[in-house]
Each structure stands twice: as C-alpha cells, then as structure tokens.
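Quick look at what TrEMBL annotates:
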SIGNAL    1-18  signal peptide
COMPBIAS  66-76  compositional bias 'Polar residues'
REGION    66-90  region 'Disordered'
Amino acid sequence: MKLSLATALFGLLPMAMAKSIIVYYPKGTPSSVIDDGKNHITDAGGSITYDYPSLRGFAANAPDNAVSSLGDQSPNHKPFVEDDQVVTVN
C-alpha cells in the first residue's frame with residue numbers, strides 16, 4: 001500500500017508545481033503554431049483550461065519547464081505568457 005501511495009503522489013508532482021498561465025500569440029500566427037503550443041503544454045503534463053480563439057490563445061495549468069520552453073516551438077511566432085490572476089478595479 002505504501003508503495004502505491006508514494007507512486008500516486010509522485011505522479012501528481014508535476015501538476016503540484018504547475019502554474020496557471022494565459023498564453024496568446026501575435027496577429028498572423030498560424031493555428032498550427034497555437035495547436036503546437038497546446039500540445040507542448042499537455043505533453044509536459046499540463047492541461048488546457050480555456051481556449052481564447054479571438055485572442056489567438058489559451059489558458060493553461062503548466063509545469064515551469066513547459067512554460068519556459070514554450071517560445072522555442074516557433075521562433076517566428078513567439079507567444080506572450082502571463083500569469084493568470086484576478087484583476088480588480090477600485
């Protein structure tokens with residue numbers, strides 16, 4: 001039992017270190033590049049939480065290593081990556 005519990009917890013480690021981000025791409029970026037970015041996040045153990053077609057982007061929970069290497073996917077169409085956070089106006 002202890003071994004299986006440790007294995008299960010180890011499997012959750014990448015998502016425990018994940019951060020919530022919003023990724024958007026410059027105007028003119030092909031849809032295939034955006035799809036490659038989504039695949040990069042999910043292949044690294046992250047998840048896509050929302051799709052923003054009008055902004056040419058998406059929201060995700062992603063491990064730090066996937067976030068830092070996201071721009072390496074397409075040198076001609078570098079994504080903008082922001083931490084997903086609540087914004088308030090007073």
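From the backbone N, Cα and C atoms, a Cβ is placed for every residue, glycine too.
All TrEMBL annotations are machine predictions without curation.
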| task | Quickly jot the same-chain residues contacting the region 'Disordered' (66-90) by Cβ under 8 Å, restricted to those at least six beyond its ends, or write none. | result | 19-26, 28-30, 33, 36-37, 40-41, 43-46, 57, 59
| note | Per DSSP, the region 'Disordered' (66-90) contains 6 helix, 4 strand, 15 coil
